[in-house]
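Please read the structure below before turning to the comments.
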Amino acid sequence: MALEVLEALDSARTQWYHVTAIVIAGMGFFTDAYDLFCISTVSKLLGRLYYFDPSSDKPGKLPTSVNNFVVGVALVGTLSGQLVFGWLGDKLGRKKVYGVTLILMVLCAIASGLSLGSSAKSVMGTLCFFRFWLGFGIGGDYPLSATIMSEYANKRTRGAFIAAVFAMQGVGIIFAGLVSMTLAGLFRSYYPAPSYIQNRVLSTQPESDLLWRLVLMIGAVPALLTYYWRMKMPETGRYTAIIEGNAKQAAADMARVLDIEIQAEQDKVAEFNAANNYPLWSNEFFQRHGRHLIGTMTCWFLLDIAFYSQNLTQKDIFPAIGLIDKEFNMSAISEVFQTSRAMFVIALLGTFPGYWFTVFFIEKLGRYKIQLVGFFMMSFFMFVIGVKYDYLKNESKGLFALLYGLTFFFANFGPNSTTFVLPAELFPTRVRSTCHALSAAAGKAGALVGAFGIQSLTVGGETKKIKKAMIILAVTNMLGFFCSFLVTETKGRSLEEISGEDGRESELTPTPNNTRAQGARSETM
């Protein structure tokens, strides 16, 4: 039982509106990535500014607990925001809450940079407070952007479109490094200073307090520019027809978007809804979709332990690779410049290509193969780095940098992209946003393990602990490889066929349930 409005969306040719939707949704992810990862470029600067000890041979450093909270509190907010906005996306509509996430991101990015106080504790406290709410807004973007893009796209290019939205995260990471590097370069040229070993006090320029604030506040700009266009997007046809039950409005909205005529078919909408009106917390949902929900949640959880550990701890790995000088041989702003430059290079050469390889190959290779290969290769390269860490660090820094970059490449040409795509395709319209939110929140729980657990091993720069961290991450990725067998391939099929909403027998709709659903429909007819 197919609705004409859904068939029209599935078979529509790729047109300018699809590109516009990718840009509008993608700019949210650009902002998300910038806001989440720019803190890594300035966290060491915060230590120099607010935890300076003139008697120490090394520059000031954020205490481990403070560092973990500064870096990780946005992830706590993101997890909370994913659950709240994901649920609201199914209850109130995708569009109605889509703009709220951007408003939160704009206000809290600015407020994070304005964090004031008379002591280190008060500055860090206000910074953590606003970064929590910044993360809350960021969290809402995950389920809403993925769901909106999946429900607008045609079935031939849906995976590439969703992956393209997520690929803007790679651009945001590059931009975080570029902005920090550019600002630090300008500040360094106007406010030169000796290295820490030359002069402990003067090595931290007073102007550097403005630098970190500007880096954080610039994250408000892309979100602000995107708000108007988000508000002009119509609600998705699938939400309007299937959840609101308004076939006429859905047909009118999608006919305008796709520039074709579509019949309303209100009677079919009623039948469609009657056949699929089961809640998330029901036996029928778990019989039909439980295995895949467990699969998307566990895979994203395991992936984000590794992915966020990589991104948040790279500032601790860079000195070992030789990409930046020792901290006592740099001034405060020079350290920001070198850390940002290294982050920019790794993102440009390793992170960014991986995202776009997924965009170009996901419809050819499929989500399943890309995820399996990505997890396996990440595990392999991290295991090699962990086992051969001493040799790579002392004898072959170029090979170290190559292996480290490849872990980023296969994260993004692999599970970091596919774990975002699959939850937007596997589940029914009525609970799609919520299921994506649950999967994404599981991922952020994994990110918190990375921020509060793995980062604690790397923050001191001790060889033994870094080796241990890399081995742990290798094992984590291998677990992700095996958990990937819980999900299935979705390429080339309509969302309703994948979820079994159209009544066709599928891997997601076991034969007994499918038979019951068909019987129920025949009785109503």
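Note that Cβ sites are derived from N, Cα and C of the backbone, with glycine treated the same way.
Note that TrEMBL annotation is computational and uncurated.
If you look up TrEMBL, you'll see 496-507 marked as compositional bias 'Basic and acidic residues'.
Marked as compositional bias 'Polar residues' by TrEMBL: 508-525.
Feature annotation from TrEMBL assigns domain 'Major facilitator superfamily (MFS) profile' to 21-492.
Residues annotated as region 'Disordered' in TrEMBL: 496-525.
What TrEMBL lists as transmembrane segment is 21-46 (among others).
The annotation transmembrane segment is assigned in TrEMBL to 66-85 (among others). For the transmembrane segment (66-85), the residues of the chain that approach it from at least six positions outside its boundaries are 35-36, 39-40, 43, 46-47, 51, 97, 100-101, 104, 124, 127-128, 131-144, 308, 312, 437-438, 440-441, 444-445, 447-448, 451-452, 455-456, 459, judged by C-beta separation under 8 angstroms.
Here TrEMBL flags 97-116 (among others) as transmembrane segment. Residues of the same chain lying 6 or more positions beyond the ends of the transmembrane segment (97-116) and with a Cβ under 8 Å from any Cβ of it are 28, 31-32, 35, 81, 85, 88-89, 122-124, 126-127, 130-131, 133-134, 136-141, 144, 148, 212-220, 223-224, 226-227, 230-231, 233.
Annotation source TrEMBL lists transmembrane segment at 122-140 (among others).
Among the features that TrEMBL reports, transmembrane segment is placed at 161-190 (among others).
Here the transmembrane segment (210-229) has Cβ contacts under 8 Å with residues 20, 24, 27-28, 30-31, 34-35, 38-39, 41-42, 45-46, 49, 99, 102-103, 105-107, 109-110, 112-115, 134, 179-180, 183-184, 187, 333, 336 of the same chain, all six or more residues outside its ends. Per TrEMBL, transmembrane segment is recorded for 210-229 (among others).
According to TrEMBL, the feature transmembrane segment maps to 342-362 (among others).
Within the chain, the transmembrane segment (368-387) has long-range Cβ neighbours (under 8 A, six or more residues past its boundaries) at 299, 303, 306, 358, 361-362, 400, 403-404, 406-407, 410-411, 413-419, 422, 467-471, 473-475, 477-478, 480-481, 484, 487-489. Sequence annotations record features per position, and here TrEMBL assigns transmembrane segment to 368-387 (among others).
What TrEMBL records for 399-417 (among others) is transmembrane segment.
As annotated by TrEMBL, transmembrane segment applies to 437-457 (among others). Same-chain residues lying 6+ beyond the ends of the transmembrane segment (437-457) with a Cβ under 8 Å from its Cβ atoms: 64, 67-68, 71-72, 75-76, 78-79, 82-83, 85-87, 89, 139, 142-143, 293, 296-298, 300-309, 312-313, 316, 419-420, 422-423, 465-466, 468-469, 472-473.
Residues 291-292, 294-296, 298-299, 302-303, 305-306, 309-310, 313, 367-368, 371-372, 375-376, 378-380, 382-383, 385-387, 389, 415, 422, 426, 454, 457-458 of the same chain sit 6 or more residues outside the transmembrane segment (469-487) yet have a Cβ under 8 Å from a Cβ within it. Per TrEMBL, transmembrane segment is recorded for 469-487 (among others).
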